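Annotated in Swiss-Prot:
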DOMAIN    22-106  domain 'WWE'
DOMAIN    123-338  domain 'PARP catalytic'
MOD_RES   Glu13  ADP-ribosyl glutamic acid
MOD_RES   Lys18  N6-(ADP-ribosyl)lysine
MOD_RES   Cys56  ADP-ribosylcysteine
MOD_RES   Cys72  ADP-ribosylcysteine
MOD_RES   Asp87  ADP-ribosyl aspartic acid
Amino acid sequence: MWEANPEMFHKAEELFSKTTNNEVDDMDTSDTQWGWFYLAECGKWHMFQPDTNSQCSVSSEDIEKSFKTNPCGSISFTTSKFSYKIDFAEMKQMNLTTGKQRLIKRAPFSISAFSYICENEAIPMPPHWENVNTQVPYQLIPLHNQTHEYNEVANLFGKTMDRNRIKRIQRIQNLDLWEFFCRKKAQLKKKRGVPQINEQMLFHGTSSEFVEAICIHNFDWRINGIHGAVFGKGTYFARDAAYSSRFCKDDIKHGNTFQIHGVSLQQRHLFRTYKSMFLARVLIGDYINGDSKYMRPPSKDGSYVNLYDSCVDDTWNPKIFVVFDANQIYPEYLIDFH
């Protein structure tokens, strides 16, 4: 199921409150066949209907039966990703995982009212995301150091670095970048005709001045640097945190910031600074040894369409990966360490 854009939600709610309720009351006769609809991300009303994609557990008919039993009550249902509750009194649906709401309506059923898959609907967000705010470009959610999620990230870092150096780990929640990544993954699976694409969690070290830009726009080697581009002109990732740490800089922005607050450049050592490293989800797919001249992965068969997905330092034991398409990357975690 999909989340509605907040601005669209409020506009539709205002229009809906002026028209639909009166129309429903006037037309509520015993021989009317009613359907139940939700306001989709595309701005159109889609009918509730079980389907193989979302695995929705409730149908329009189920909702109507519940409504007739108790017009001021509610009904709960699930999809493959989330649990929901429909409130008949409010005529709204709430995602019990994220807390997000969207409008629903009861309207006369017609053949044209059947639901359909809209091409520009949003892809469901990961179920472990929390307090999602769709009105900001991204969110940094601090992970508690006792959680499984924190320890999973810290253990990957700790394979080649001392995990006690970690100051904090934050989850990056960027719906736009997540959708781009998911659509790219689906595209590659369709192109290859395979059920899964080779995907790895890889590290990327960078200067602190680029952190916010990466969280908003994703990685861009033209801006973030390419560290020599030995294996191609793309974004570089490493299997080992120790390697990526070589490119992390605790360059505070910058000397002027301290001077404005009355701190001299000589006193900067009194302030503890931290370095930043990303742990990204990367679709490495099919890879080949890289070359400094590559602007994109080379062809598998000499054609212009059948290309590798990424380049590496050594196909037998890859430690460095180069990705040329940002949509193959989702910057998932930001690790601050000293």
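Positions of Cβ are set from backbone N, Cα and C atoms, glycine also.
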PLDDT averaged over every residue in the domain 'WWE' (22-106): 80
Around the Cβ of Cys56 (ADP-ribosylcysteine), the count of other Cβ atoms that are within 10 Å: 19
Three-state secondary structure, Cys56 (ADP-ribosylcysteine) (per DSSP): coil
Cys72 (ADP-ribosylcysteine) - helix vs strand vs coil (DSSP): coil
The residue listed as 'ADP-ribosyl aspartic acid': secondary structure state under DSSP, collapsed to three categories: strand
